[in-house]
Each structure stands twice: as C-alpha cells, then as structure tokens.
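Engineer: Reproduced below are the annotations present in Swiss-Prot:
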type: BINDING; residues: Q11, E69, S138, G142, T143, G144, N204, N226; note: GTP binding site
type: BINDING; residues: E69; note: Mg(2+) binding site
type: COMPBIAS; residues: 429-451; note: compositional bias 'Acidic residues'
type: REGION; residues: 426-451; note: region 'Disordered'
Amino acid sequence: MREIVHIQAGQCGNQIGAKFWEVISDEHGVDPTGAYHGDSDLQLERINVYYNEATGGRYVPRAILMDLEPGTMDSVRAGPYGQIFRPDNFVFGQTGAGNNWAKGHYTEGAELIDSVLDVVRKEAESCDCLQGFQIAHSLGGGTGSGMGTLLISKIREEYPDRMMMTFSVFPSPKVSDTVVEPYNATLSVHQLVENADEVMCIDNEALYDICFRTLKLTTPTFGDLNHLVSIVMSGVTCCLRFPGQLNSDLRKLAVNLIPFPRLHFFLIGFAPLTSRGSQQYRALTVPELTQQMFDAKNMMAASDPRHGRYLTASAMFRGRMSTKEVDEQMLNVQNKNSSYFVEWIPNNIKSSVCDIPPRGLKMAATFIGNSTAIQEMFKRVSEQFTAMFRRKAFLHWYTGEGMDEMEFTEAESNMNDLVSEYQQYQDATAEEEGEFDENEGAEGEEQPADY
C-alpha cells in the first residue's frame with residue numbers, strides 16, 4: 001500500500017540516492033544483498049512502500065537510476081548497496097549532458113527518456129496503490145536539471161493525480177560548480193513551478209555549514225552532505241513506513257503546506273544534529289528538538305527564515321513521546337515567534353508523530369517549512385542569470401541544441417514572478433481584504449474596501 005517510486009537523475013541525484021538507500025535499508029533491516037536481517041516485525045510491516053519483494057524473499061528497491069553518462073552509475077553499482085538495485089533499472093546514455101540543460105532536456109535526454117519511462121511504467125505497475133514519485137537531482141548541471149525536469153513533465157502527463165516530490169539541489173551562493181549554473185537552475189525552476197507538487201530545496205553550502213558548524217567535521221565530504229539529505233528524505237516518509245500516532249503522507253503534507261499552488265518550495269531541516277563525540281552528553285527532549293528544528297542554522301538551503309515569514313510548516317517527530325507535549329511545543333513556537341508566522345493562516349504548523357526513531361537515536365524530528373524567505377535563493381540565482389543573459393554569454397551552447405532565447409526570457413520572468421508572489425504574501429496582513437482576489441491585477445485599489 002502507498003508505494004513511492006524513487007528516481008535519481010544525474011551525478012548529484014545518484015549520489016544522494018545511493019546514500020538514501022543505505023539509510024532506508026538500514027532502517028528496514030535489509031542488507032546489501034536484499035536479504036532481511038532485522039529485529040522487529042515493524043520493519044517489514046510496510047516495507048513495500050520502498051521495496052518490491054522478489055523471489056527468495058529478496059527486497060529490491062523501487063528505484064530508477066538514470067544518467068547520460070555511465071560513470072556515476074558504475075560507482076553506485078560498486079558502492080556498499082550497489083548490488084541491491086534491479087539491474088534493468090539502470091538507464092544510462094554514453095554522451096553526457098556536459099552541464100548543458102538543453103542537452104538534458106531536448107537532445108541527449110530526449111533520446112533516452114522513453115527507455116526511462118518504460119522502467120517507470122514497469123515500477124508503477126508493480127505497485128498496489130502508488131502514492132507518488134520522489135526525484136533526487138540537482139538544478140545546476142545538465143542531466144539532473146534538464147533531463148530530470150523532462151522526466152517530471154512526462155510523468156505528470158501520464159500520472160496526473162500522483163504526488164510528485166523532488167529533492168532539488170540548488171546552486172550555492174558562494175560556491176559555484178559550473179559557470180552556467182544560473183541558466184540551468186532558472187530553466188529548471190521554470191519547470192518545477194508548473195510540474196512538481198513539492199520541492200525540497202537543498203544547497204551544498206548550507207549543508208557544508210551544518211557539517212562544519214554543528215557536526216564539527218573539519219573536512220566534510222559529499223558523502224557527509226548526502227547523508228544529511230538522506231536522513232531528511234527518510235524522515236519525510238517515515239509515517240508511511242512505520243506505525244505512528246499521527247500520520248502524514250505526501251498528499252497530506254502538500255495539502256497542509258501549500259496555500260497557493262505555485263508556492264511549493266520548502267526549506268528542510270533535521271534535529272538532533274550533534275557532533276559525533278557529544279551525543280552522550282545531552283538528553284533529547286521534545287522542547288530541545290523543537291528549538292533546534294526551527295533554528296535558522298539548521299536549514300539545508302541557504303536562506304534565512306528570519307528574513308521572511310512562515311506561511312506554513314510541518315514537524316515530523318520520530319520516537320516515543322507524548323503527542324500532548326508535541327502539540328504544546330508547536331503552540332509555544334507559534335506564540336513566542338508569532339511575528340515569523342503569517343497571521344492570516346492560524347495554527348499553521350502541522351505535526352505528525354511516528355513511533356520508530358532512526359537508528360541510534362531515541363527521538364528525532366524532521367522539519368519542512370514553507371517560508372517566504374526562500375525567495376532569497378531565487379533572487380540570487382535570478383541576479384546571476386540576468387547578469388549573463390544580458391550579454392548573451394554562453395547562450396550559443398543552448399541555442400545550438402535548438403533552444404530559443406524566448407524560452408530563457410520566459411523562465412526568467414517566471415522566476416521573478418515567483419519572487420514577487422512570495423514577497424506579496426510576506427507583506428500581507430489579515431486585514432487587507434480586497435487584496436487576494438483571483439485577478440492579481442486588481443491589487444485592491446479598484447474596488448472600495450469594505451471594512
């Protein structure tokens with residue numbers, strides 16, 4: 001019941017995905033060969049959310065791995081859980097997208113997409129009641145961004161009523177991996193606004209800061225960063241996989257978090273994050289988890305929630321705790337920091353409690369917030385985009401693959417619209433009545449306000 005099909009695209013997506021399957025397999029007691037060596041029936045009760053049961057009791061991930069070059073997949077295959085995946089579910093090309101969104105979306109990616117969709121169909125058909133898809137990819141490269149968004153739009157056509165959740169790695173503010181990141185990211189966001197249901201925004205720099213500042217790792221590797229992402233990915237779906245007192249699933253999450261359809265880009269966080277040596281010196285309590293969870297330093301994307309306001313938020317607790325205490329803490333957060341929550345959505349934190357904590361912890365919490373501060377991220381990318389696009393720098397790489405400049409202009413204005421929508425709701429108060437009419441043009445000046 002309620003299966004989720006997992007797709008990882010491009011180098012970044014495959015590396016995050018590989019880490020994610022290590023975390024999930026560990027939680028469910030599945031070893032690298034797919035055999036079950038767990039210690040509790042609860043691990044098996046709803047293992048089919050993420051796994052197919054094959055012959056001989058092997059558990060095989062419902063995962064589809066795609067890339068336009070074989071390199072990363074070979075390293076996934078050689079990694080600790082490489083043998084657990086179904087060999088037919090590796091779909092790769094030989095050419096690479098060369099950090100070019102157009103190659104991933106229109107030329108190279110378009111050639112490979114049908115074979116990916118065949119695998120998606122096969123996985124979806126083996127589901128009892130498919131809940132939705134989760135996609136791990138980055139927005140700065142070529143494959144994850146270009147081909148990833150192509151796949152999302154194709155799946156959207158074929159499964160319009162299924163949830164589409166993405167874990168999208170945005171370009172970092174100070175660290176740039178490729179020069180054309182702003183182009184690729186803007187073109188991708190243009191797609192995600194229209195076709196995804198929930199986008200969890202991640203960025204490497206914020207992850208580095210967490211590793212460095214909170215976990216006290218002197219030289220964080222991508223493996224460390226990806227581990228952070230994967231515990232959040234696991235936390236988001238723990239309610240589907242383990243029994244809980246207050247459940248949530250992808251659809252409940254969306255209904256509670258998305259007040260306006262376009263504003264579905266979320267900040268994510270996790271608690272407790274402690275350095276390896278200091279764990280035994282603190283007892284975990286719900287208040288402590290709540291405090292750390294809402295801490296700006298804990299956000300996995302480089303935007304500071306203190307610069308905006310929360311439209312909505314969701315807190316998913318794991319472990320044995322009283323729901324009363326959870327409710328009290330949530331109320332407490334909203335009362336103490338009321339200026340950081342919009343007042344026109346009362347009680348805007350959804351909480352859920354799942355009984356089984358992650359391995360090695362007594363309790364943990366996953367945080368998902370819909371904050372207007374996320375506009376900082378889009379603004380930053382948009383500024384870099386405009387700087388290059390004004391001079392038409394690097395554009396020939398894209399037009400050479402058959403793209404039109406028009407598409408860039410559209411993507412740019414779509415992203416700027418998104419920023420101003422966030423800003424509009426950040427400034428809004430409960431009193432302005434005429435403001436939120438469907439026709440955004442009528443900004444409340446035309447019709448007389450009836451107070």
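For all residues, glycine too, the Cβ spot is worked out from N, Cα and C.
Computed from a predicted structure; not experimentally measured.
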Engineer: Below 8 Å Cβ to Cβ and six or more residues apart, same chain only. Which residues does that give for Q11 (GTP binding site)?
Structural biologist: D67, G71, T72, S138, G141, T143, G144
Engineer: What is the Cβ neighbour count of G142 (GTP binding site) at a 10 Å cut-off, with all protein chains included?
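Structural biologist: That number is 29.
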Engineer: For the binding-site residues S138, T143, N204, N226, which one has its C-beta crowded by the most other C-beta atoms within 10 angstroms?
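Structural biologist: Of S138, T143, N204, N226, the one with the most crowded Cβ is T143.
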Engineer: Please list residues from the chain of E69 (GTP binding site) whose Cβ is under 8 angstroms from its Cβ, counting only those at least six apart in sequence.
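Structural biologist: Set apart from E69 (GTP binding site) by at least 6 residues yet with Cβ under 8 Å, we have F92, G93, Q94, T95, G96, A97, T143.
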Engineer: Under a three-state reading of DSSP, tell me whether G144 (GTP binding site) is helix, strand or coil.
Structural biologist: helix
Engineer: Return the maximum Cα to Cα distance in Å (whole number) over the record's GTP-binding residues: Q11, E69, S138, G142, T143, G144, N204, N226.
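Structural biologist: Greatest Cα separation within the listed binding residues comes to 23 Å.
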Engineer: Need the DSSP three-state call for Q11 (GTP binding site) to compare against my parser.
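Structural biologist: Assignment for Q11 (GTP binding site) reads helix.
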Engineer: Which three-state DSSP class does E69 (GTP binding site) fall into?
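Structural biologist: Reduced to three states, the DSSP call for E69 (GTP binding site) is coil.
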